[in-house]
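Marked as domain 'ABC transmembrane type-1' by TrEMBL: A:53-255. The feature transmembrane segment is assigned by TrEMBL to A:12-33, A:53-79, A:91-110, A:130-152, A:181-199, A:236-255.
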Amino acid sequence: MSRTRTAGLPGWLYAPAALGAAFVLLPLVAIVAKVDWANFLDLITSESSRAALALSLRTSAASTALCVLIGVPMALVLARTTFPGQRILRSLVLLPLVLPPVVGGLALLYTFGRRGLLGHTLEVLDIRIAFSTIAVVLAQTFVSLPFLVVSLEGSLRTAGDRYETVAASLGARPTTVLRRITLPLVLPGLLAGAVLSFARAMGEFGATITFAGSLQGVTRTLPLEIYLQRESDPDAAVALALVLVVVAVLVIAWLRPERAAR
Amino acid sequence: MSLEFTATVADRGLEVAFEVATGETLALLGPNGAGKSTVLSVIAGLLRPDTGRVVLDDRTLVATDERVDLAPHLREVALLAQEPLLFPHLSVRENVAFGPRSRGRSRTEARAAADAWLDRVGAAELGDRKPGEVSGGQAQRIAVARALAAEPHLLLLDEPMAALDVAVTPALRQTLRQVLADRTTVLVTHDVLDALLLADRVLVIDEGRVVEEGRSGEVLAQPRSAFAARLAGLNLLHGTWRGDHAVLPDGSQVHGIVAGPEPAVGDLVVATFRPHAVAVYLERPVGSPRNVFATTIDDLEPLGDLIRVRAGQLSADVTAHSVAALDLVLGTAAQLTVKATEVAIYRL
């Protein structure tokens, strides 16, 4: 079989590289090894587990939808227009990527909480957000929005605006261009961004527990449930952890062909 | 009813004004960076000029003094670039139907219009394919159909054949000749033949200014600007086809190789050849299968390390050494010869 070869790497490099790979993979093996397979189904279908799993799926789906609704316009504005302060704005939008989630949760609490920035207005409207399921969705959206915006903005820049120019010259209004040309062309990037956002939302812990608390069936998502069960019922915690690992593996499997195609 | 164009774009050093009559095709010639594509961008609405005014068929597209600047999609100006840029996610038919659909035609009407245009450019059987499944030449034909299906008042062509394989350009050029007849068009090109065969008039732009303007045949045969001379300076002889050669108005015969579609006997043709290919003799060469033109020398001008000899309608580029050896001066009677294989004959 023919093979191409590069200039070659120094031999010693393989040792730390293998160590790194082991460092990532070994903990996954450890979790799988720890699973109590005999009771696995019972553990992940207990009432509290099912409530947490259902809540996580519901809220993650809702926050992913919210990310698409506000993230797509944000990515379009960042990729296709220029305005003063755009570079600063782009950096700020990425802030939740590097901000500790607990800090994000605290920030949300001081925005939407009863004593928060918008608290009084919301109080007047009789809307209470903190420590509700909506708070879970907001916390998840806050941390996962940058994933969608970054992924989609990259796709938009790669696709360029030449097809859009042609479409406009053929008489298509901006809305038609967006609907029939721009969005279909960046659909792979949009899906990749949405899947990343969903995965980030499923795993969200710090901002959720700070802003939404941990009320079974209302705000106690899967990661919170795992954290709480860790003390009382380690077997259930491990079983649920495996569920999140499976979700993560599925996400990676979904994204891989997209990456390869680029 | 026509296109009126006046614009200055300071940061690209452009200051150009011209008009195109309805149904006329104007070729913009010029070196890279001369401002040709900038002109197209201003007309298409992709670049707002610093000052200027573009009026198409009594509609003002842009007028800086009146603060008019129509959005690109309202201009009814279709742009065809070097690359076909077919929308990759739509079928060929949907690509061509895109313009009619965007202008509010029904799905059925748009599909019918698309099929009619695909037929006209010779791509009728490609409708169901995806753009990735057609060749470069076919894709550019489809792009032509798509631009025309939008029923533009003005067609802008930006070097439409530059990115194509040489083998497919004659066929596409022929298609363009058919569809551009009676259509107001501005064509940016580097190719003298495109200007000659597709355009009625030529505008030569250099460093953002119009340096020469006139009927295509005249400008290309007797260029006055340095650029046009370098680019063109082609020998162009108009004649009538006689089956295997062309007869010029003075009765002399020209043999050559037919490029593009075969002319019928009696068709008007143009024979083109480069001054490089022409040799100069004092006596008529004996027994040579060449085209020979008896003429007198009108002009001698240096052109780089060569001398361009002008004699009647013809030009020959020869070395200074041959000029000296043959003792060529103004008024010398000379025989200009060119091999038949160097002469390209086009049906007009």
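For all residues, glycine too, the Cβ spot is worked out from N, Cα and C.
Counting Cβ pairs under 8 Å to the transmembrane segment (A:236-255), the stretch among A:12-33, A:53-79, A:91-110 with the most such contacts is A:12-33. Counting only same-chain residues 6+ beyond the ends of the transmembrane segment (A:181-199), those with a CB under 8 A from a CB of the stretch are 60-61, 63-64, 67-68, 71-72, 76, 144-145, 147-152, 154-156, 158-159, 163-164, 167, 172, 247-248, 251, 254-255, 258, 261. When each of A:12-33, A:53-79, A:130-152 is checked for Cβ pairs under 8 Å to the transmembrane segment (A:91-110), A:130-152 comes out on top.
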